[in-house]
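Undergrad: The structure that follows is given in the form of structure tokens.
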Amino acid sequence: MTDLPDSTRWQLWIVAFGFFMQSLDTTIVNTALPSMAQSLGESPLHMHMVIVSYVLTVAVMLPASGWLADKVGVRNIFFTAIVLFTLGSLFCALSGTLNELLLARALQGVGGAMMVPVGRLTVMKIVPREQYMAAMTFVTLPGQVGPLLGPALGGLLVEYASWHWIFLINIPVGIIGAIATLMLMPNYTMQTRRFDLSGFLLLAVGMAVLTLALDGSKGTGLSPLAIAGLVAVGVVALVLYLLHARNNNRALFSLKLFRTRTFSLGLAGSFAGRIGSGMLPFMTPVFLQIGLGFSPFHAGLMMIPMVLGSMGMKRIVVQVVNRFGYRRVLVATTLGLSLVTLLFMTTALLGWYYVLPFVLFLQGMVNSTRFSSMNTLTLKDLPDNLASSGNSLLSMIMQLSMSIGVTIAGLLLGLFGSQHVSVDSGTTQTVFMYTWLSMAFIIALPAFIFARVPNDTHQNVAISRRKRSAQ
């Protein structure tokens, strides 16, 4: 990339900055949840909605982000994304109630949903094709550093300042990024087809109301009749989308995608697998603080080995898949992650705290291998003309399943804790033990899906997408 013009390198730095902001925010909040609960006068069991409101909004808005960038221009949308994200951060810091915080997090989610896909699109437009891989590696590296710094930085700010500062630090950074975007980034546009607004609204309603219904009466305060109504609305919306997309070449996501067996299996496995994995970043710092009495900063530091394990495995995951095949790798890592989850709970409750960093490092390695394998399995056999649509659907499902995972984790805590969980409670560790056992069971379930994956171990098939025409 040394031969790129200075203006292009500055534009890549702006995109990298956006990736860093978005990835940092996905992890920095987790460590602060118990302190937020105390400050807002809420039960810690309700605080999972702080994560769900953000991730679910990202899932809902992702399908529209690429079309908006093509229609309005990448600079305009990237600038808007940073402004919305920064305003959301300000409103989060000013929130005095949980409901205000949830609305502010949703606004952050709108910005976050546009930031990363539009950033990828920007790189595609400003960098020559032969340098695209190097440019993407450069801009995504800060996105890998964000999760590494997030938990510890969040814990540090909570312990020595207040939870408000995990949002306030975004404001000066966001202002600088917005100004730099206006000054340095070109406003590329492309001719677009008509946006499938009907399909978008049906999917958005279906995802949102079903996730809200899943939270149940304990989280939302809704009556059983109201929850049943939400479920009915969500199911009807998704069924209507399927009818809308059938034989519709302009549908948001073509049903032709599901003619590819590996895509169908990979998407189902990714959805189920990330529900279980999505529980862990939320539950681990909450358990360390409320269940074991760790300080926020100490709990944040304990999350670093998990991120390091994840980053370390990315270098060899292709060799592992080529050696053993997708089916063996996915079944083994799914069951392995379930066992590591049980190991973490056991060592923590036995008081073997010095072992926890090694267990979390192992958890990161296993999780990273499974994530990478799920992603490539899902997309590897799609024909070229469906690859972009399939990737967008996978990205949406990834965010949706993580929001559902956090919702289920909060639901389990509420079920076993009867709304009474605190550091001083004598039953707290028992509540967490039952919750972790349930999580381990849920994490293991996708192994049944992955057992149906063709056991293809040939390198040219395992890491390359076949070019076929979609008939």
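Along the chain as shown, residues are numbered 1 onward.
Even glycines carry a Cβ here, placed using N, Cα and C.
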Undergrad: Based on Swiss-Prot, do PRO224 and SER368 face the same side of the membrane?
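TA: According to Swiss-Prot, SER368 sits on the same side as PRO224.
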Undergrad: What is the average pLDDT across the topological domain 'Periplasmic' (125-137)?
TA: 72
Undergrad: Establish whether the number of Cβ pairs under 8 Å between the transmembrane segment (77-97) and the transmembrane segment (12-32) reaches at least three, counting only pairs separated by 6 or more residues.
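TA: When sequence-distant Cβ pairs are counted, the transmembrane segment (12-32) touches the transmembrane segment (77-97), since at least 3 lie under 8 Å.
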Undergrad: How many of the residues that make up the topological domain 'Periplasmic' (246-262) does DSSP mark as helix, as strand and as coil?
TA: 7 helix, 0 strand, 10 coil
Undergrad: Do at least three CB pairs under 8 A connect the transmembrane segment (263-283) and the transmembrane segment (197-217), leaving out pairs fewer than 6 apart in sequence?
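TA: Result for the transmembrane segment (197-217) with the transmembrane segment (263-283) is no.
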Undergrad: Among the recorded stretches 138-158, 225-245, 396-416, which has the greatest number of Cβ pairs closer than 8 Å to the transmembrane segment (49-69)?
TA: 396-416
Undergrad: Does the structure show the transmembrane segment (396-416) and the transmembrane segment (263-283) touching, where I'm treating 3 or more Cβ pairs under 8 angstroms (sequence separation 6 or more) as a contact?
TA: yes
Undergrad: So how many of the residues in the topological domain 'Cytoplasmic' (98-101) end up helix, strand or coil by DSSP?
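TA: Residue counts in helix, strand and coil order: 4 helix, 0 strand, 0 coil.
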